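Chemist: Not my notes, these are from TrEMBL:
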| type | residues | note |
| --- | --- | --- |
| BINDING | H156, H160, H166 | Zn(2+) binding site |
| DISULFID | C275-C295 | disulfide bond |
| DISULFID | C470-C479 | disulfide bond |
| DOMAIN | 21-211 | domain 'Peptidase M12B' |
| DOMAIN | 217-303 | domain 'Disintegrin' |
| DOMAIN | 447-480 | domain 'EGF-like' |
Amino acid sequence: MAQHENMARTPDFTESYVHQKYLELALVFDKSRYLYMNSNLTQIINDAILLTSIADSYFQDVHLRIQLLAVEVWTDRDKIALNSPELSQVLGQFVQYRSRDLHVRIPADWAHLYVHKKFKDALAHHWGSVCSMMPSGSTSSVLDRNILGPATWTAHVLGHSVGMTHDYEYCQCKGRHSCIMGTGRTGFSNCSYAEFYSHVNSGLNCLNNLPGLGYVVKRCGNKIVEENEECDCGSTEECKEDRCCQPDCKFKQGASCNIGLCCHNCRFRPSGYMCRVEENECDLAEYCNGTSAFCPSDTYKQDGTPCKYEAHCFKQSCQSRYMQCQKIFGLDAKDAPHQCYDAVNVIGDQYGNCGIIGVREYKKCPKERSLCGRLQCINVETLPDMPDHTILISTHLHKENLMCWGIGYHLAMVPMGLPDLGVINDGTSCGKERVCFNRNCVNSSILNFDCFPEKCNRRGVCNSNRNCHCMYGWAPPLCEEVGYGGSIDSGPPGPVKEGVPVSVQVVSLMVMRLIFLFISVILVQRETPPSSTGAEQFKAKNISISRNQKRNQAIHKTPPSSTGAEQFKAKNISISRNQKRNQAIHTSHLSIQLFLPSIYFT
C-alpha cells in the first residue's frame, strides 16, 4: 500500500488535536451527604471544588480542563429514588432527572451525582458521552470525609465520557500499569491518550466553548495577564525559562510580546506574515497585522460556497460523498451510484438508515432521501483500519453488478460515545439545489448562502462573517481597488514574498525567457553581419513589395562589411523614414504584448 494511501486512511489524531478543550461540570450531592456533613453547605461546596481540582489535574495532561459550573445540594429531599441496592439503577434515574430538569436549569457538558451510600454492584457508573443529544451522566459513592478516592472515581467516569475505555495489558502511564482507566491513580495511559484524541477529533464541539473564568485572585504570578500587567510568566522559576517576560509581569528590555501566533523571539511578526494557513479549499488564511501578538479570529468560506466535485462548503469543509469515500476507504474509492443508496438505506437497520428513533429503532429512508442516509462507496481495493466496534458492510447488487461498501453503526455505540464515521455529512448535495441536513434532503437555501459573484466584483469569495475575501491583486472590502487580497477580518496579507504560487512562478519564468529571446533576435539582426558562407542561399531571398509601396519608399543600403560582401550586397532592406523612426517604439510595444497578458494569479 502506498504511503499516501495509509495517510488518507489513518489520520494522525495527535497532530490534528491542538487547541485546549474545556468540560463544564455540574456536581450534585444527595440529602444523606448533606446531613453527614452536619448540614454545612460551605464544607460541601469546598469538597466540590477540591473534587473538581483533583480531576482537573489529571486531565490537564491531555489538554482538557475540568471547570466546575454549578453545585446542587438536595437539602430538603432527594429528587430521585435512592433506595435501590444497585448503583446502576440510581444512575438510570439520575440520567432521566438530568434530561428533564437539571440540564434545563444548568446546561453543563456533564453532570455527576455523589450518593452517601454503599451499593452492591459498583463504586461508580456512567452512561453516554459528552456533546451527545442522548441522555448522559454519571454517579458514584462518597462514604466519608476522605475525598481522594471519590475524586479518582470521578476522573475515571469522566474519562469514559470523553471516549476513554478501560485499560488493558499493554497500557502504561509513566512506566506503570496502575492508571486512571484501570485500577490506579497514577495518570492516564497511552491507550487513554489515543482514545481521547480520536474521540475529540470526531467533533466534540461542546468542548470548544471557552467557559467564563472562575474565581481567581488577581496577582502577578498567576499566569493570567490582568490589569496593569504586560505579561505574566508565573512563578519565579517559570519566569527563568521565559525570554520575554520578567517576574514583575513587565516585558524585558526590547520585548513587545511573549505569547501568541504573531509573536516570535519577543517581537511582533511583520504585517502580512501568515499565522494560520488554509487547511482545505473551504478554509481561508489569516495574517498578522504587525502590531499585535495574536492572530485574527479563524474564518473560512461562507457555508454554501461551491467547491470541487460539484459540492458545497459547510462547517469549514467541502462536503462531498466522493471525498468522504476517499477519506475512509482510500484514494481509489469512489461515491457509489444511487442504486446502492436506494438498495441499502431503505432497509432501516444499522447498515442502512436515515437516523435513530429513540434508543431502539432505526429509521428507514424513503427513496427520495436515500442519498442522505448512510454513505455508500465503490471501487474499494483495501479495507481500512477502523476504530473498535466499527463494522464494515458490503452489499452485492447482482443486477447492476455493483459491490456497495458502507459502515454500520449500532445502537450500543451511542452511549459509548463512539463517532459515526459512515453517516452522510450535513451540507452534502442530494440533487439540484438540494442538500442533506439532519438525514433529510432539503432545499439548499437552508445554507443561507447569499454571496453572489457580483458582491465581491468576481474577484473574491465571502467568508464566514459574510465579508469579501479578495484574491491576490485586489483589496477589501469589495475587491474594487488594487491590493494584496484578504478581507477586513483576515489581517493584511501583504505582497507575495515566500510561497509564490507555482503557476505564477512558471509563467513569469517563461515570460522572461521569451523577452530575452526576442531581444537576442533583434540584436542579432541589427549587429551581426552575414558571413561569407551561404552567400548563394542569401542571394536567392527576395523581399517583395507592392508598386505603391515601392513608389513611396526610399531605398536604404547599408555598406557591406569586408567579409561576406557579396551576400550582404544581394540584400536590399527597404524601409520608409517613418518606419525607421518608429522601429524602436514598435519593437518595445511588441515585447510588452508578449508578457503582460500572461501574468495572472490563481
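Cβ atoms here come from the backbone N, Cα and C positions, even for glycine.
Because the structure is a prediction, the values reported are computed rather than measured.
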Chemist: List the residues in the vicinity of the Zn(2+) site, defined as same-chain residues other than H156, H160, H166 with C-beta within 8 angstroms of the site's C-beta centre.
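Modeler: For the Zn(2+) site the neighbour list reads H126, V157, G159, M164, T165, I180, M181.
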Chemist: Give me the Cα-Cα distance between C295 (disulfide bond) and H156 (Zn(2+) binding site), rounded to a whole Å.
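Modeler: Rounded to the nearest whole number, the Cα-Cα distance is 36 Å.
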Chemist: Sorry to bug you, but what's the C-alpha spacing from H156 (Zn(2+) binding site) to C275 (disulfide bond), rounded to the closest Å?
Modeler: 37
Chemist: Quick one: Cα separation, H156 (Zn(2+) binding site) versus C470 (disulfide bond), in Å?
Modeler: 49
Chemist: Please give the average pLDDT for the domain 'Peptidase M12B' (21-211) in this predicted model.
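Modeler: On average, pLDDT over the domain 'Peptidase M12B' (21-211) sits at 89.
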Chemist: Tally every other Cβ atom lying within 10 Å of the Cβ atom of H160 (Zn(2+) binding site).
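Modeler: A 10 Å sphere around the Cβ of H160 (Zn(2+) binding site) contains 22 other Cβ atoms.
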Chemist: For the binding-site residues listed here (H156, H166), which one has the lowest count of neighbouring CB atoms within 10 Å of its own CB?
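Modeler: Selected from the binding-site residues H156, H166 on minimum Cβ neighbours within 10 Å: H166.
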Chemist: To see if you understand the setup: which same-chain residues, six or more apart in sequence, place their Cβ under 8 Å from that of C479 (disulfide bond)?
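Modeler: Long-range Cβ contacts: C456, N457, R459, G460, C468, C470, M471.
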Chemist: Mind telling me which of the disulfide-bonded residues C275, C295, C470 has the densest Cβ neighbourhood, counting other Cβ atoms within 10 Å?
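Modeler: Selected residue: C470.
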Chemist: Is H156 (Zn(2+) binding site) helix, strand or coil when read with DSSP?
Modeler: helix
Chemist: I want to verify one value. Collapsing DSSP to three states, which class is C470 (disulfide bond)?
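Modeler: It is in a strand.
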